[in-house]
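Quick notes on the structure that follows.
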Amino acid sequence: MNVINFIIDNILTQASITISLIAMLGLILQKKSIGQILSGTLKTLLGFQVLNAGSSIIVGSLTYFGQIFTAGFAMQGIIPSIEAINGQAMNQLGLGRDIALTFLMIFIFNILIARFTRWKYIFLTGQAILWMATMTTVFGSVAGLTGVTLILVGGLIGAIFAVLMPAIAQPIIRKVTGSNDIALGHFCTIGYLFEAGVAYAVGEKGENKRSIEDMKLPKSFEFLQDTYLSVMVVMVPLYIITALFAGENYASTLSGGQNYVIYAFTQSIIFVVGIYVLLAGVRLLLGEIVPAFRGIAMKIVPNAIPALDCPVFFPYSPNAVILGFITTSIGTVIAMLTLPIFGLAMILPGMLTNFFAGGTAGIFGNAVGGRRGALIGGIAHGFFITLLPALLVTIFTQMGFVNATATDVDTVTVALLYAWILGPILKHF
Amino acid sequence: MFSFFKRNKPHSEAPKSEIKSCLTSEQIAQIEQSITQIQQQIADTDDASTLAALYEKTGIFYQQLDHIDLAIENLEISLQHKKTIGEGYKMLMSLYNQKRADAAKNGSLADIDFWMNKMDAMRNIAKQVTIQRD
């Protein structure tokens, strides 16, 4: 009994061990060799620790940024980064074990829904499932759920979204790809449908529908291929400008004798380093789990429709992707400037979200409302995907998250579902 | 707009076997002749863009003949010469998915993993080429 208690109290409470055991389970079910099981399990363990290290780096940099932003602009400046939210939830808030188990439950419930209903979608974007598990766990715990209930409810809601989002996007995806073979597995789908709705309302219809002219990004935008360069391009000027607004007198108190502008520059690079380390950890963490469970899912649901990450659909409408990126970026800048007027935090635009979510939204806008639909819908989309995360800032701040908010709008919607509907209901019990 | 709560209707696309049987013997002969001509052109050039286009055409022809493995092989060579996101890309993605579905029906985890990894690689090509198209 003492041994069991020791295992429960000291080993299974460790998030890194829990998630490694999940990976081990997947590898055993795949009938891998002992060597592969051992190396896969250890890689997952390593991945979790690397993720934690990245999170600590990000928090240090974000704390500094929050201080200079408040001093410079007399308001809260929030960086939209689901990676930062995940890292802080797993590490600083101690929710790692629950997030890991919720992640597993989303996979399991997704397989069950696809197996026993006519919605055959298997969501295969592992990173997105991790973000969803993070949000259901964080907001489930805010709503008062704990233990097994927190994990099961989070797993079920996450899995419902993992099936529902590809399903509701599928009519447009079918129109774009001309087949029902693959589906969209990206938790920004509510934003895509929002753009499609706007495009339907204001766009061109029938014979008047005009296609987007051939559009290409200038060579200078090639940095978008590199995740870290994309983050750096935004963060370096952002930190430096904010430090300049904060002023030398204040910013120097934080720079420890170093020139305050150089210090701001260094901190922006440290933020990017944090993202680099954290995402390397996520890759290690998911590198073994996702292939194992997607294989099992496909075997259990042989007629599954795989829901794949958004760039898979870029070739079907590349011009719409570019237009979507540009218009969404415009929308996020408009939202950044206008939301503080209504008492909300200033949400700074995220280049990566604008490209991937904006680009995919452009495909939807173009498919439904042609060029005009994609243009107006894209700007509306940019505003929408900035507004939703802004609504979460107060809750995140109260929970102890440092200057960050979530990005992917489906996960934000789940969070709002917990905060506005599930939480108040649970208070009556 | 959405058919989420309606019963599934069969989609209008013809099954693969029907597509194959639609080809007459003359059409098959014509396609095979085209492939031979393209193979001659492949032998005569070493320009990467031209080779990519020729292998892409060959792959599409093989797909029409329902020679899936040859189609995949040629479309992969095309992408090795030059990454593009045209018809060949879309067809290759579709063929990978078809192979993945076959592997799932056969219950082969190793094959599912093999084809899913190939689909993952296509995602990266799409991202890269969308940003830096010629």
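Cβ atoms here come from the backbone N, Cα and C positions, even for glycine.
Here is what TrEMBL says about this protein:
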- A:6-29: transmembrane segment (TRANSMEM)
- A:50-79: transmembrane segment (TRANSMEM)
- A:99-117: transmembrane segment (TRANSMEM)
- A:129-162: transmembrane segment (TRANSMEM)
- A:182-202: transmembrane segment (TRANSMEM)
- A:223-245: transmembrane segment (TRANSMEM)
- A:260-286: transmembrane segment (TRANSMEM)
- A:321-341: transmembrane segment (TRANSMEM)
- A:347-368: transmembrane segment (TRANSMEM)
- A:375-397: transmembrane segment (TRANSMEM)
- A:409-426: transmembrane segment (TRANSMEM)
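Within the same chain, residues 19, 43-44, 46-62, 64-65, 68, 81, 83-84, 86-87, 126-127, 130, 227-228, 231-232, 235-236, 238-240, 242-244, 246, 248, 251-252, 254 sit at least 6 positions outside the transmembrane segment (A:260-286) and bring their C-beta atoms closer than 8 Å to a C-beta of that stretch.
Through the fold, the transmembrane segment (A:129-162) approaches residues 82, 85-86, 89-90, 93, 95, 98-110, 112-113, 121, 123, 185, 187, 282, 285-286, 307, 395, 399, 406, 408, 410-412, 414-415, 417-419, 422-423, 426-427 of its own chain, all at least 6 residues removed from its boundaries and within a Cβ separation under 8 Å. Sequence-distant neighbours of the transmembrane segment (A:409-426) (same chain, 6+ residues past either end, Cβ-Cβ under 8 Å): 82, 131-132, 134-136, 138-140, 142-145, 153, 157-158, 161, 165, 187-191, 357, 384-385, 388-389, 391-392, 395. Take the transmembrane segment (A:99-117) and the stretches A:6-29, A:182-202, A:321-341, A:375-397: counting Cβ pairs under 8 Å, A:6-29 has the most.
Outside the transmembrane segment (A:321-341), and at least 6 residues removed from its termini, the chain residues within Cβ reach (under 8 Å) are 75, 195, 212, 215-217, 314, 347-351, 354-355, 357-363, 365-366, 371, 374-375, 377-387, 390.
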